[in-house]
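Colleague: This is the structure I have questions about; it appears just below.
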Amino acid sequence: MQPDRAPPAVAQPASSNLAALRRCVALLQTCKSLPRLKQIHAHSVRRGVPLGHPGLAKHLVFALVSLPAADPMPYASAVFAQVPTPGVFSYNTMIRGYAESCCPRPALDVHHLMLAADVPPDSHTYPFLLKACAKLLSLRDGERVHCRSVKDGNDACVFVQNTLVHFYAACGAFENAHKLFERMSHRNLISWNCVINGFAINGRPNEALTLFREMVANEDGGIEPDGFTMVSLLCACAELGALALGRRSHVYLAKRGLDRNTHVGNALIDFYAKCGSIEEAYKVFDEMDERTVVSWTSLIVGLAMNGFGEESLDLFHAMERERLVPTEITLVGVLYACSHCGLVDDGFRYFNRMTREYGIVPKIEHYGCMVDLLGRAGLVEEAHSYIMNMPLEPNAVIWRTLLGACAMHKRLAIGEAIWARLVELDPGHSGDYVLLSNLHAAVGQWGIAHKLRRSMLKGGVRKMPGCSLIELGNRMHEFVMGDLSHPQSQQIYEMLEEIAMRLRLEGYMPSTTNVLADIEEEEKETALNYHSERLAIAFALLNTAPGTPIRIVKNLRVCADCHLVTKLISKIYDREIVVRDRSRFHHVRGGSCSCKDYW
């Protein structure tokens, strides 16, 4: 005969045991450390409260997963396993614990056990489950949980809907997140925050800004944003380079007293750095009450992006003097600074210190920085050898970085070998076709360049069109090459003619090697003259006061000729011009660029 699973004492403890149980539960509610919690648990067992008593177990598990530090889940799992018939509260607590841990996968396993035990989930179950799926970036698992919530009738709960919006956004399915948001009958601040942040983190800043405007101008009186909203807004402003709007957000945060928050401070540093206003990023950093490693890292990376490599390295040394331990991202910023300033020896020195001094195992991003460092310095053969001897398998990004260096330094043989690798790893990437076309055009092989372009079209591979953004008059103005859609197009093209005339007087000679077409030189010059950043500069010269800085965000890398022209325009018109391209910042003043031509 099989013994009963539950000890007799579980059914109804004696009055003394009940008193001990109540005392232990009261102690658990104030417990803040794992060793102390274990002492309380041991005390309850000694006082006669059974190990698996559900009245103790649910409070014990809840106290465990609520601990501010440590990893309580192995202990919580051991306690949970002793409970004969856990209720929905205990299952939910375990799911929450795993969802908030560094290993969220078991949360899904606990849910399966819950269903197998015929314990119906409630509206508290699904937010934790979806949080686990979001951390795992598991779209399929999350979709299953979503279906189950519909089946159980819990999908109408605002808490579940908010977490669904967050989950889909975290997994990159921002269209799904927005559709769910649009169907919500009741939206609170969390709902708006989830959808705004979803667009911001998925590279859709315009949509994030549009939703923010809808939120504050809602027909029901609007919803007042909080710190989380403003961090998402700053993220969108940083992506667009919308400095004026971000500054207004900063003023709002200061009025609300939210600018003293460390997370907000870090977001402000990142925002100002990505808008090319490194002085303001430094000011935020200096005024912070508490600086974390993230604060230091944000400014180190920001300085490196803006071409201030030596200042970035000086700040890293200051961080070391503060005895703060750098993270993997910090070292990416340091190596990035070395790469964009041509500091090859320094780059290798910092790379070697990663493992030796900080115990950081280099990842593919760090190796990518080293390949970029060698390639930019013209050491293409050394970069190729470095890749071949890497302890990690090089990915398409690594090979593409080297292909860009081959195009820059006209290394055709290595470039063609890299192309063969890229065709295997990431076929159909438009950037690879463009880089190889650049390379063949640079060495005068126009027939092969044309053949590549035809195969690109035949294969349905579309080249990303270059566009430039500039903020003016509380809105973003976007330009593409040869754009005629802007209301001021006629004045812009007249301004371009004036610029071209003044450039010729300065002795400017167009560099037409980047025009990938076998056409007459005069036609190539015309094509260069209508690049998107030149349209944006002409627009800014027309619509801003003399001496006003011009700030442009470009989605592609600035070509050599536009880089030269931007320097000359800054000198002729006495303007500071800040251009953020796909690779880095170019701070241009008086005919000189911060990148020192390591772009």
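Using the three backbone atoms N, Cα and C, a Cβ is placed for every residue, glycine included.
So TrEMBL says this about it:
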- 507-599: domain 'DYW' (DOMAIN)
- 87-121: repeat 'PPR' (REPEAT)
- 188-218: repeat 'PPR' (REPEAT)
- 261-295: repeat 'PPR' (REPEAT)
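Help me understand the surroundings of these features in the structure.
Modeller: Distant neighbours of the repeat 'PPR' (87-121): 54, 57-58, 61-62, 64-65, 71-73, 76-77, 80, 128-129, 131-133, 135-136, 141, 145, 148-149, 152, 154; these residues of the same chain sit at least 6 beyond its ends, with a Cβ under 8 Å from one of its Cβ atoms.
Outside the repeat 'PPR' (188-218), and at least 6 residues removed from its termini, the chain residues within Cβ reach (under 8 Å) are 158, 161-162, 165-166, 168-170, 172, 174, 177-178, 181, 224-226, 228-229, 232-233, 235-237, 239-240, 242, 245, 476.
Long-range contacts of the repeat 'PPR' (261-295) within its own chain (CB-CB distance under 8 A, at least 6 residues past either end) are made by residues 227, 230-231, 234-235, 237-239, 241-243, 246, 250, 253, 301-303, 305-306, 308, 319, 324-327, 330, 551, 578, 580, 585, 587.
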